[in-house]
Amino acid sequence: MSLPSEPVLAPAAEPAAADPARPAEGRGPWRTAWRRLRRNRSAMISLAVLLAVVALTLLAPAYAGWLGIDPFRSNLAGTWMIDGQSVPVMEPSTTGLGLGVTPIGPTWDLGGYFLGADNQGRDVAARLLYGGRNSLVIAGAATVLCLMLATLLGLVAGYMGGVVDMILSRILDVLWAFPVYLLAISLSIVLLTSAFTIGPVTITAGSLLLPIGIIGVIYVPYVARPIRAQVLTLRQSEFVLAAIGLGLPTGRILRKDVLPNLLPTLIVFVPILLALAITTESALSYLSIGVQPPDASWGTIIQDGQTLLYSRPWVALAPGLAIVVTVLALNVLGDAVRDALDARGHGR
Amino acid sequence: MTATPLIEARALTREFVLRRSWLPGSGQVLRAVDRVDLAVHKGETLGLVGESGSGKSTLGRCLTRLIETTDGSVVFDGQDVTRLRARGLRPFRRSVQMIFQDPSSSLNPRRRVGDILSEPLAVHGIRPAREVPGRLRELMDLVGLPAAALDRFPHEFSGGQRQRIGIARALAMEPRLIVADEPVSALDVSVQAQVVNLFADLRERLSLTYLFIAHDLGVVRQVSTRVAIMYLGSVMETGETDTVFDSPAHPYTEALLSAIPVPVADPAARRRRILLKGEIPNAANPPKGCKFVTRCPYAQDVCRAQRPELRPLTDGRLVACHFPRAALFASGAVLA
């Protein structure tokens, strides 16, 4: 070895990005992202709105109990006290031929029929909360299912590559080729009419598991593709190569090196998928192929309100607004989460 | 030189498929490493030099078994490791470690330094669990970082410090051979010198063998005992560092060396600069005959027709050139 011809610099001359001697623990990329998200006001407002929606829907049974009504039973002959007067819940028509009935309108009194009644005489406000519960549960479960399936497929396809990748990618392509709603509608129509058994699970007709499964599956290609692409890049990244060079088992590399670096992508997908799932569920339920009566969801309530659109617009308007507010908040939050996770480790 | 090299590439070839085709023989293939024979002996530092695209990194990754080899073999310590998998490869993984060019991408940004370093210790059972913390501090000390760095994330360090972490990770395995792929070219010049010195220091203390891949000739001259010059996937010349640097035998080596900047204030050191014509040819479609023929100032008809093999010169080095002394004549050096 030839002697060093250049002057030897003292190691202390190296410029330090951070003083490693500082005793405090390092700040991870997660904490940095969370700090950035917290500074985003619209994101925090959206988060508050979403938490409020969740809290309200969780309170559905309490509200119904306090009212002392069953929002799932028709009340065609009942009466209700408004300003000391007893009013029939279903008012007979006084105009034209005098045929038919009009449900009670919004009382704007939380003590009952706040948003009026639907054409079964049921309290719309209470049903809205119960329906929101179903909508959110289906959206949440479908999102989790979709992310799990997509991550599994994306990981396997991206990391294994070759023939495995080709087969999985083609299957996803086939699924991708169908328009989302067409696929959802066809699957629902086929599966809804009869109970069936997958392994140990028996799914009865009208079970909530059906819309969950259908919505979870149809969005898989949209998530699995970007994940696969990212796994492909991560597979080539030097820290994964280094892990291979260290002789670490593949499972461990996937768990410790690949998956944690996919998490930002997965997290960004959560609000987007929730929003998509809520709208899809509403659409299916509106078409009577999602949540089955007497159960409610925001979609079924819109359908209930459709015939009352001219006389009692709030029946359809209220769940519509609930969907808009929730989806809007999810989208704003989703954008903010993406921004917060994007600038990897830089900035404050 | 010892009889058995520590690691050896035998007619090693690595191809990349550029365009796949269903018809046999009509796909396009890039031969990044073309039947390379190269040996690294115990205790030496072999500097592997070449332009970007010359296949030196690919060769390094084939030798460390990070990517598959298309043809030929990798022989480590007398054992053919080319086809070994998983469990059979483990002793090799322990003995051969790689250091990467960009320390910011070779460290997982979502893990603490301590986790990154302790993982190989745990998986390979190199140290019992209770000795791991002590060993981690030892490694930090070895690469000149404080033990407090173990609790931090890679992004909290400067480039030079990150590269030290990368070196510590390689050393955790107690390897015999370290393949360093452009380990200093992503660093500031002032930091480069320190990391290069760290490499030299570690070699003495841990009796390591290096394959040092670089395009910076100054760095290579400083760290290497022997050099190999690559061009378009083939080794053009190998020999003792001083011999090759003082009197290059291959026209490509000569041109490469003439590009090293020399202080103008020192007229004795001024050299004739050789400006090569044209670009490095497309590696997917290399010239017939000698790969350097399109840019060689001394090219003859035989160079266009026939590819020269690596042949020994009298001073012990190997040169792949039909007229290995042409460069010597031109530079006015005295023939051996």
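Backbone N, Cα and C define each Cβ position, glycine as well.
The region 'Disordered' annotation in TrEMBL falls on one of the ranges A:1-28, A:113-140, A:225-252, namely A:1-28.
Taking Cβ pairs closer than 8 Å, the transmembrane segment (A:314-334) reaches residues 42-43, 45-47, 49-50, 53, 103, 105-106, 115-116, 118, 124-125, 128, 131-132, 135-136, 268, 270-272, 274-275, 278-279, 282, 298-299, 301-302, 304-306, 308 in its own chain, all 6 or more past its ends. Here the transmembrane segment (A:198-220) has Cβ contacts under 8 Å with residues 134, 137-139, 141-146, 149-150, 153, 172, 175, 178, 180, 183-184, 187-188, 191-192, 273, 276-277, 280-281, 284-285, 290-292, 295 of the same chain, all six or more residues outside its ends.
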